[in-house]
Amino acid sequence: MEYKQTVLYVEDNQLNMALMHHIFKKNLPSVRLLKAETAALGLQIARQKLPDLIILDIGLPDLNGYEAMDELKNDESTRPIPVLAISAFAQRSDIERAQKSGFSGYITKPFQVKTLTEAVEKLLAGIA
Ligand SMILES: [Mg+2]
């Protein structure tokens, strides 16, 4: 089957990465999932592949998600790509900071499979 769209997931936790892989296979089979374990690799893949959506973990080992977001928004080629934040930080101040930083959405861990799937589908459809 040919993939219709591409999503890049930047996540350092292997369990979360495996879960996302499973969710995409099961619920979003027409979407290709690219993976990066660090912000540096994620930024490189984002520039090379220009995915339709980026799911960005806030707690990464090199840059944090906000710093990675700044890099994405400072680069003309990656600026238009919607970015969904995913984080265990669930304080209102964290969510407000994400909104101010230009994220298109914010998912808190642990997340519901349905919530994640619907957020991705909406952003890929351009209606979020
Ligand atoms: Mg993390």
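Quick reminder: no glycine exception, Cβ is built from N, Cα and C everywhere.
TrEMBL entries are annotated by machine, without manual review.
Taken straight from TrEMBL:
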DOMAIN    6-124  domain 'Response regulatory'
MOD_RES   ASP57  4-aspartylphosphate
Going by DSSP, how much of the domain 'Response regulatory' (6-124) is helix, how much is strand and how much is coil, in residues?
56 helix, 25 strand, 38 coil
Which ones in the same chain are close to ASP57 (4-aspartylphosphate), with CB under 8 Å and 6+ residues apart in sequence?
VAL10, GLU11, ASP12, ASN13, ASN16, GLY65, ILE86, SER87
Restricting to the domain 'Response regulatory' (6-124), what is the model's mean pLDDT?
95
